[in-house]
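Per TrEMBL, the feature domain 'Homogentisate 1,2-dioxygenase N-terminal' maps to 106-250. What TrEMBL records for HIS263 is active site, proton acceptor. What TrEMBL lists as Fe cation binding site is HIS300, ASP306, HIS336. The feature homogentisate binding site is assigned by TrEMBL to HIS336.
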Amino acid sequence: MPLYHKQGKIPQKRHTIFKKPDGTLHYEQLFGTIGFDGMSSLMYHLHRPTQIKEVGASIDISPKAAVEHNIKSRLLKGFQVQPVDDYLESRVTVLFNNDVHVGLAAPKKSMTTYFYKNTDADELLFIHKGTGTLKTMLGEIPFEYGDYLVIPRGMIYQIHFDTEENRLLVTESYHPIYTPKRYRNYFGQHLEHSPFCERDFKLPENLQSFDEKGEFLMKVKKQGQLHHLTYATHPFDVVGWDGYNFPYGFSIHNFEPITGRVHQPPPVHQTFETSAFVVCSFVPRMYDYHPQSIPAPYNHSNIDSDEVLYYVDGDFMSRKSIDQGYISLHPAGIPHGPHPGTYEASIGKIKTEELAVMIDTFKPLKLTQAALDIDDGKYYKSWME
Ligand SMILES: [Fe+2]
């Protein structure tokens, strides 16, 4: 996040004496990315953050390919993924490659008995249903329907839900997730043409510091394994921090659509970028206003991108038989486009209420068995007249 933020108490000068009320020192920790070259935060702990009491079991949670080489367009019925009590167990990876894992989750319970950090990947959670609070070592972010939560790798968190009705789209990125470079100036500030700006971000707040010793279960995802570690002190013991590396939220409802006289290409919807995929937000908007315009997209070949569309709400004008929580996958190598009749039907329409999240990956995606279990199996033929 190219934005300076701070919470709690910090010393006036970095790397200097910063005492607790009892006269002992706080423990400073630099939490950086890309070695010492990327964004970082400096945090101050009550206890040494290095105190690991025990290393327990390691569980392989890496996704397994059921379809390694996919050439079919697919339609996955996302809400068929069953609700599960535990947050981590509820996360079901459906599509993946070495850069990104895309999953669905319907967790029923809050995380209260353990803490979690993903050291493999930045996480991008999209909240389709549910409200709650993302609790992290750097503060809390309340979330609701339509929020993206960007959690940089290594950030210790718990997620608390207000009810049991929750649906999440979970994207794990093996490359840092940023807002698009072309939206930002030399200094990192979002420019006037950006569809959102700093004011729209939900930053961590309400930092709470727990001065507790004991046994704290930390589930650490690394190299596709879920390692079970026991920390000797409460992981949320930071009394203050500042810097640029922190989790944040952004509501899809705050994405201001860019429209034109004729059909605008997907990059106008771009919300996040990585070196291996992009994320776009399709939001309610006015259609094209050239008198001869065709609002539906033209047929197109993502010759070097697999296109994943997650349907959130509203009518998706270029598709038939689409429901909430569905995922369409249009693989690289073959063209796709509007369904028969929708191209013509879009003419003269003045606005759309569609809400969808798109993930375009630069390398092909594999499918897991969980994806095949919710695949409609016939979508690839749905353009036949
Ligand atoms: Fe497309």
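Backbone N, Cα and C atoms are what each Cβ position is placed from, and that goes for glycine too.
Automated prediction, rather than curation, is the source of TrEMBL annotations.
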Q) Looking only at the domain 'Homogentisate 1,2-dioxygenase N-terminal' (106-250), what is the mean pLDDT? A) 98
Q. Hey, of the recorded positions listed (HIS263, HIS300, HIS336), which one tops the CB count within 10 A?
A. HIS336
**Q.** HIS263 (active site, proton acceptor) and ASP306 (Fe cation binding site), distance between Cα atoms, whole Å
**A.** 21
Q | Cα-Cα distance linking HIS263 (active site, proton acceptor) and HIS300 (Fe cation binding site), given in Å to the nearest integer | A | 13
Q: Using the recorded Fe cation site (HIS300, ASP306, HIS336) as reference, state which further residues of the same chain have their Cβ within 8 Å of the centre of those residues' Cβ atoms, listed in sequence order.
A: SER301, ASN302, SER305, GLU307, HIS330, PRO331, ALA332, ILE334, PRO335
Q) Reported as an integer number of Å, what is the Cα distance between HIS263 (active site, proton acceptor) and HIS336 (Fe cation binding site)? A) 16
Q: Taking helix as H, G and I and strand as E and B in DSSP, count the residues of the domain 'Homogentisate 1,2-dioxygenase N-terminal' (106-250) in helix, strand and coil.
A: 6 helix, 74 strand, 65 coil
Q: Tally every other Cβ atom lying within 10 Å of the Cβ atom of ASP306 (Fe cation binding site).
A: 24
